[in-house]
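All remarks here apply to the structure that follows.
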Amino acid sequence: MHYVIIIFLWLSILLYLVLGGADFGAGIIELFTPQPHRGRTRKAAYQAIGPIWEANHMWLVIAVVILFVGFPAIYSTMSIYLHIPLVVMLLGITARGTAFVFRNYDAVVDNMQKIYDRIFLYSSFVTPLFLGIIAGSAISGRIDPSATDFLHAYVYSWLNWFSVAIGLFTVSLCSFLASIYLIGEAANPVDAKEFIYKARVWNIVTVGCGAVVFIAAEAEHIPLVKWVFGNTIGLIAVILATLSLILLWVLVARGKTIFPRILAGFQATMILLAVTYVHFPNFIVLKTGNNLSLFRHQAPAASMNTLGWALIIGSVFIIPALFYLYYSFQKDKHREQH
Amino acid sequence: MDDFLAARSQMALSLGFHIIYACIGMVMPFFMAVAHYKWLKTKNPHYQNVAKAWSKGVAIFFATGAVSGTILSFELGLLWPKFMQHAGPIFGMPFSLEGTAFFIEAIALGFFLYGWGKLNPAFHWFTGVVVGVSGLASGILVVAGNSWMNSPAGFDYVNGQYLNIDPIKAMFNNAWFAEALHMTLAAFAATGFAVAGVHALMIIRKRNVAFHKTAFKIAAVFACIAAILQPFAGDIAAKSVAKRQPAKLAAMEAYFHTTTPAPLLIGGVPNEKEKKVDYAIELPGMLSFLVHDNFKGEVRGLDTIPQQDQPPVAITHYAFQIMVGLGMFMMAVALLYFTALWFKKNWQVKNWLLKLFVAAIPTGFIAVEAGWTVTEVGRQPWIIQGIMRTADAVTPMPGIAYSFYIFTAIYISLSIVVIFLLYRQIRMVPVVYDKPEADLQLNHH
Ligand code: HDD
Ligand code: HEM
Ligand code: HEM
């Protein structure tokens, strides 16, 4: 059963990265769009993420529940040593989720809108930044349960070049995913061109951030090159990601919208696969070398069994409903456009 | 502020905030479904307007409820890592089921909010009902987590080890039924009175009377039924507490000494130094009756509980008095309203009765907060009753006071914004929904 649970955990992290990421990305793109054009970006983004944003952030909650029920030692270690970035991320989620709804449901449109907008845009940036920092910290080997002073135990565990570089990489990946997604949502060819341009820029930024991650890893003496390229799965994942990137641009140039989305999602999947596979089954790499493993640190069998069944039964209900939701709104949008 | 106190305060603040949104999220969809149903049946546009206006409010509350819930699922670990390390695998079952319920709720809400005029009307209505049912299910499930902390089950505690874990037994612990029933009714009473009261105020002020009368009636009926049932559910809860947590019962009633037969104390100021209650009204034998169903039974006092295992008496006692007092008030309003409905059709919207409803706006939510204070403070010093102390569960990270200040600021500003938004929604009612009748007819055809 614990493989089932690990797959669910991985999938919920992946879906949060891809779907939640595109959602964050829409905000980041808007943040980096010059003032006069923001309105257009916002309209496309609201159309795209409106009906499903709430479902998106459930992936995170599911991952958290899987961790605390199935792998409590991992959950409590992260909670203790990554307390500060977790709190910042929570503040980001709170600010963003509420500002989004407030700006769409306020009955009166006036200066308040500007405030909601600003909160929404900045938190769209901060939240994935810290999500990335948390993910980076889990594998950076800087978490040190034997530390005795505040800085080493609670600050340097996450404030290091590697984690921050992963954070920035996550931000740019989200923006890339969002711009690819929004190409197909654009209401007219001018907007579509605009999103294609943004996708190009964010693609370059993402590759740049990726390079920064490797440099930071070198600086922090983290053998990232060996991790990613030192095993077949990692290597294949990276090659597939690169090839699909080329294909993606060919398809975008031909005016396709659906296939590039799938390819962009595929790239994110490959990146996550490459970085998680090398550590598997370790989830947290500790400074002391006592890594927290999804095998050795799982809950007792009875808990794993009920958790696994709850997840399986839950997905039987959820997946068809979710597909139907996506389907209905896609259909609806196309009807409106034609 | 010391870190332990800060952690407790932050937990209490977050839960106290979340429960308001949770109650509204559980209950409003049912109100909307009734209005929506009546609209589909009668085609009276007031019903549609009410359903639409409410659904905007619900979207605002849902967002706040969802983020505060997300905060909580992290906070359990951020503040109480040692508790979660042991408790997670045992009481995790309802949380994993709750994930499904939340998810379905969010999907159904997606359909409902964006479905006006787009979906098949019957399916659209159905999605609204699904929002309500799954919200209610998630509330009932998460309460199982709390009732397990009050009545731990489903494991053997041997030499500090948690062995033979059985998550199903843990979920069906002894306290769950009483807590879930009482909590569900509380959600209906609290939300119902708050909503009915706001619409009553608008009727008194003669604003858009037809719209607000429609809304008032739906909310008032739900609220009143719940308010009449609530004291009975409370009695079930009290009996369950007496069995599993005598220390909590003693603190609720400020019983310093074991007494037979035990009078019910109403009001009064607990004097912890002299171990007595000043100025209380005593109803002879009533507490024995409430706990044992006879007037002679013995009720254990705090003298049977070791000093280091006693909960704070004054807070628990006052909170209990507040809850019961407000519960009686709401029941009285409910009985008056039903009498009005039953006998004289037109008293139900007379000003004095409406004013009572306006007075009742905050009472349900105050009772909810008070009730949770009884449950949670009355459980102290235990985080898992009889097994783990709260002080042993707290995070080792220093400086929690700062995080408490930050969260306090966030919750205060969120509350202000939500109130501000609702105020603007209500102010916009005339513009959006109060078209002259003729106009509506036109729109309709
Ligand atoms: C509208 C809200 C409301 C009203 C009118 C009442 N309660 Fe209540 N009460 C709650 C809302 C609440 C609550 C917030 O929902 C609690 C907290 C935990 C729970 O399960 O319900 C609660 C807890 C709670 C507990 C503790 C349960 C435990 O620790 O497990 C007892 C003994 C009572 N209640 C008893 C009563 C009685 C005798 C009432 C008579 C009028 C009453 N309540 C009215
Ligand atoms: C939403 C309604 C709830 C409210 C208003 C509430 C209120 C409170 C309060 C006032 C405290 C502080 C007690 C003290 O330290 O003196 C507390 C503590 C706590 N509650 Fe609740 N509670 C609620 C539901 C729950 C649920 C459903 C759970 C868990 C599944 C839970 C878990 C905890 C934990 C872990 C603590 C901290 C440890 C402790 O103080 O014992 N609570 N809560
Ligand atoms: C008695 C206490 C509680 C009740 C009755 C309750 C009920 C609810 C309800 C009805 C919702 C949906 C919100 C809405 O529709 O607006 C909700 C949201 C949520 N609650 Fe609670 N809750 C309680 C305590 C907790 C605790 C202790 C946790 C954390 C462990 C928690 C985690 C969540 C999460 C993660 C969400 C967001 C789900 C989403 O995004 O839809 N809740 N809660």
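Positions of Cβ are set from backbone N, Cα and C atoms, glycine also.
Quick look at what TrEMBL annotates:
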- B:12-37: transmembrane segment (TRANSMEM)
- B:58-80: transmembrane segment (TRANSMEM)
- B:100-116: transmembrane segment (TRANSMEM)
- B:123-144: transmembrane segment (TRANSMEM)
- B:180-203: transmembrane segment (TRANSMEM)
- B:215-233: transmembrane segment (TRANSMEM)
- B:318-340: transmembrane segment (TRANSMEM)
- B:352-372: transmembrane segment (TRANSMEM)
- B:402-423: transmembrane segment (TRANSMEM)
Field: Long-range neighbours of the transmembrane segment (B:180-203), counting only residues six or more past its ends (CB under 8 A)
entry: 22-24, 26-28, 31, 136, 139-140, 143-144, 147, 209, 212-213, 215-216, 219-220, 222-227, 229-230, 233-234, 236-237, 330, 333, 349, 354-355, 357-365, 367-368, 371, 426, 429
- prompt: Are the transmembrane segment (B:215-233) and the transmembrane segment (B:12-37) close, by which I mean at least 3 Cβ pairs under 8 Å that are 6+ residues apart in sequence?
  reply: yes
Message: Do any residues, 6 or more residues outside the transmembrane segment (B:12-37), come within under 8 Å Cβ-to-Cβ of it, and if so which ones?
response: 47-48, 50-51, 54-55, 57-58, 61-62, 64-65, 68-69, 71-72, 75, 105, 112, 124-125, 128-129, 131-132, 135-136, 138-139, 184, 186-188, 190-192, 195, 214-215, 218-219, 222, 365, 368-369, 372, 376, 404, 407-408, 411, 414-415
Field: Contacting positions for the transmembrane segment (B:318-340) when only residues 6+ beyond its ends and CB under 8 Å are counted
entry: 189, 193, 220, 223-225, 227-228, 230-231, 234, 252-253, 266-267, 347-348, 350, 353, 356-357, 360, 363-364, 366-367, 370-371, 373-374, 377
Folded-back contacts onto the transmembrane segment (B:100-116), same chain, C-beta under 8 angstroms, at least six residues removed: 25, 29, 52, 55, 58-59, 62, 66, 69, 123-124, 127-128, 130-131, 134-135, 137-138, 141
